[in-house]
């Protein structure tokens, strides 16, 4: 049975005060939660502070991006070795904001995936279609292409112990969200697509939903059989809202 994971992507938000206050509040809100793994991805500059603030809790550290290089003359980048050294575990790659604003290709994201696996870190591979692609009926085609960038170069075994986050681009930060049935259909397609290469691997892959997940829609999303948690944006910056989402995932998967 898959163990749900709810991860907060803080994006470009934070301060020393905010990190300490938010994590302190999360610790209170999430006390006693054992049926759902919880991770947070603050900006890199606050990773060490967040690590100490979360020390002794069940909150696991993550990061929002990684470079393909481990060291060298690559100004402004953060390597997988550095993230591992500081204690990060779940590393987001392929987020639509990186694909759009930084022109990251499927091939580059696949390289990041490989580097993370080599370092023993867990990739959180974001995939998803734009509004235009959705309206053109290309959702499955786009998701398959983004998965195949890894599948065809690294094999199905590369997805062992990995997290995939399906984030329809049209739902990120817009207030729109896929209906539970829509999200489930895509999640099932993703799992079935990997299963064509290896059914056993596909069954254990955690597939999160992302895209305007909030306290109001989380519970219904998590009742779907192939939705294994969420990658949460704005709601992860509020301890009470984030805790509702985590508890909804725990309750749904224990039902």
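Note that Cβ sites are derived from N, Cα and C of the backbone, with glycine treated the same way.
As given in Swiss-Prot:
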- 95: active site, electrophile (ACT_SITE)
- 167: active site, proton acceptor (ACT_SITE)
- 9, 10, 11, 173, 212, 233, 234: substrate binding site (BINDING)
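Shown on the structure are the features that Swiss-Prot records.
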residue	record	DSSP class
9	substrate binding site	strand
95	active site, electrophile	coil
167	active site, proton acceptor	coil
173	substrate binding site	coil
212	substrate binding site	coil
233	substrate binding site	coil
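Cβ-based crowding with a 10 Å cutoff singles out 233 as the top-ranked of the binding-site residues 173, 233, 234. Looking only at Cα atoms, residue 167 (active site, proton acceptor) sits nearest to 212 among the binding-site residues 9, 212, 234.
Long-range Cβ contacts of the residue listed as 'active site, electrophile' within its own chain (separation 6+, distance under 8 Å): 9, 64, 65, 126, 167. Here the binding-site residues are 9, 212, and the one whose Cβ sees the fewest other Cβ atoms within 10 Å is 212. For the recorded positions 10, 167, the ranking by surrounding Cβ atoms (within 10 Å, all protein chains) places 167 first.
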